[in-house]
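K.L.:
Below you will find the structure I want to go over with you.
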Amino acid sequence: MATNNNNNNGNPILRSLETSCCFLATLFPKVFCTLVLTWSLYVLLFIIPNYIKSSLNSTILNIIGITLYVLCIISYYKIILIGPGSPLDYPELRINDLNRMINENPYNNNNNDEEPGDLPPESMIIHTMKVNGNQGYRYCTKCSVWKPDRSHHCSSSGKCILKMDHYCPWFSTCIGFHNYKFFIQFLSYVAIYCWFLFIISGKILYNFITEGLFEDEILSLNLVAVLILSFAFAIAVSVFAMFSIYLCCKNLTTIEFQEKRWNYRGQANDERFNYEFDNNGKRKKINTNIFDLGIMENWKSVMGPNWITWILPITVTVTANTKSMISQDEFNNGVNFKVNEEIYAKYLHNAELQQQLNQQLSSYKDRLRRERQANIV
């Protein structure tokens with residue numbers, strides 16, 4: 001991929017063609033989703049009323065449909081326009097000289113220099129829970145920024161993403177800290193809207209058959225298409241919506257869910273302190289998600305403090321555009337996160353026990369070595 005990009009940079013025609021293709025690729029899902037939603041609203045407003053006898057019922061259905069349509073459109077474009085957020089948005093997280101920082105990183109155990117290099121912000125040093133093995137705090141060599149907890153580099157977006165969940169081609173953007181709320185709302189709105197259309201069109205088709213209307217009338221193909229598509233989308237989107245709500249209540253991202261499921265990071269780094277001992281001396285696993293604050297607190301941390309923010313697509317996070325300094329909003333910026341103090345205390349306790357055990361084993365090995373040397377003499 002890098003080779004192709006280098007070749008294209010030398011040829012303006014290929015570079016222009018590549019830019020146009022990328023633009024069309026990102027434009028297509030936006031146009032497609034907008035047209036499908038608008039077409040479904042057209043069917044609801046201008047075709048379905050022809051099969052409903054009561055004008056009052058038709059008006060009520062139209063109001064509900066328009067409301068759901070507007071919510072779908074607003075949440076869809078808020079996902080795109082607000083974006084997920086990136087460490088690059090915060091000047092404090094930028095590394096001025098990456099090579100110097102790597103060579104002089106005071107948090108690197110292999111460092112022998114006393115002169116420190118670039119340091120992460122103080123708030124990040126205080127609150128960071130995940131460190132990169134023996135190499136200290138995480139940083140991205142491609143973006144030249146410090147990587148806060150739960151952030152990852154997205155190859156599709158070409159930059160690091162705050163609390164990255166996944167890259168979604170239907171929006172041509174990443175789902176992350178700032179737009180995850182709107183992603184959940186969009187899935188919920190679309191699922192409700194699709195079930196709403198399916199029930200209405202299904203009832204019309206049922207009456208059309210049972211009342212023998214097919215003998216004198218022709219059923220609109222648009223209505224049949226809405227029936228089929230709304231049912232298919234309702235099932236698919238409902239599954240995604242429920243899964244996203246589940247992850248939200250667990251305070252997990254899709255990446256963290258997969259890492260936890262497949263143990264991607266490995267036993268050596270993450271599993272050493274994920275257990276405790278009961279009164280009988282048996283080992284049992286503890287909750288490994290240090291960001292799990294409980295269902296309601298997890299939900300509020302993403303969806304906002306009250307039911308109004310839960311229902312309406314209202315921004316509840318603090319973006320770098322409104323408050324550029326991380327310290328101005330300590331736990332609502334995608335850089336620092338609240339942790340479960342009980343789980344954190346268990347981690348510390350188990351780490352201390354592990355350290356004591358290592359010291360005892362080291363002392364025992366030293367004693368055995370001295371005894372062997374004494375016996376040899």
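Each Cβ is built from the backbone N, Cα and C atoms, and glycine gets one as well.
The following feature annotations were taken from Swiss-Prot:
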| type | residues | note |
| --- | --- | --- |
| TOPO_DOM | 1-31 | topological domain 'Cytoplasmic' |
| TRANSMEM | 32-52 | transmembrane segment |
| TOPO_DOM | 53-62 | topological domain 'Lumenal' |
| TRANSMEM | 63-83 | transmembrane segment |
| TOPO_DOM | 84-181 | topological domain 'Cytoplasmic' |
| DOMAIN | 138-188 | domain 'DHHC' |
| ACT_SITE | Cys168 | active site, S-palmitoyl cysteine intermediate |
| TRANSMEM | 182-202 | transmembrane segment |
| TOPO_DOM | 203-222 | topological domain 'Lumenal' |
| TRANSMEM | 223-243 | transmembrane segment |
| TOPO_DOM | 244-377 | topological domain 'Cytoplasmic' |
K.L.:
Checking distant contacts: for the transmembrane segment (32-52), what same-chain residues at least six beyond its ends satisfy Cβ-Cβ under 8 A?
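P.N.:
Residues 58, 61-62, 65-66, 69, 72-73, 76, 170, 193, 197, 200-201, 204, 207-208, 220, 222-223, 226, 229-230.
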K.L.:
Mean pLDDT across the topological domain 'Lumenal' (203-222), rounded to an integer, is what?
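P.N.:
Mean per-residue confidence for the topological domain 'Lumenal' (203-222): 86 out of 100.
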K.L.:
By a Cβ-Cβ criterion of under 8 Å, what residues six or more beyond either terminus of the topological domain 'Lumenal' (203-222) are in contact with it?
P.N.:
43, 47-48, 50-52
K.L.:
Please report the number of other Cβ atoms within 10 Å of the Cβ of Cys168 (active site, S-palmitoyl cysteine intermediate).
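P.N.:
Looking across every protein chain shown, the total is 16.
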K.L.:
Tally of helix, strand and coil residues over the topological domain 'Lumenal' (53-62) according to DSSP?
P.N.:
8 helix, 0 strand, 2 coil
K.L.:
I need to check the long-range neighbours of the topological domain 'Lumenal' (53-62): which residues 6 or more away from its ends have a CB within less than 8 Å of a CB in the stretch?
P.N.:
44-45, 200
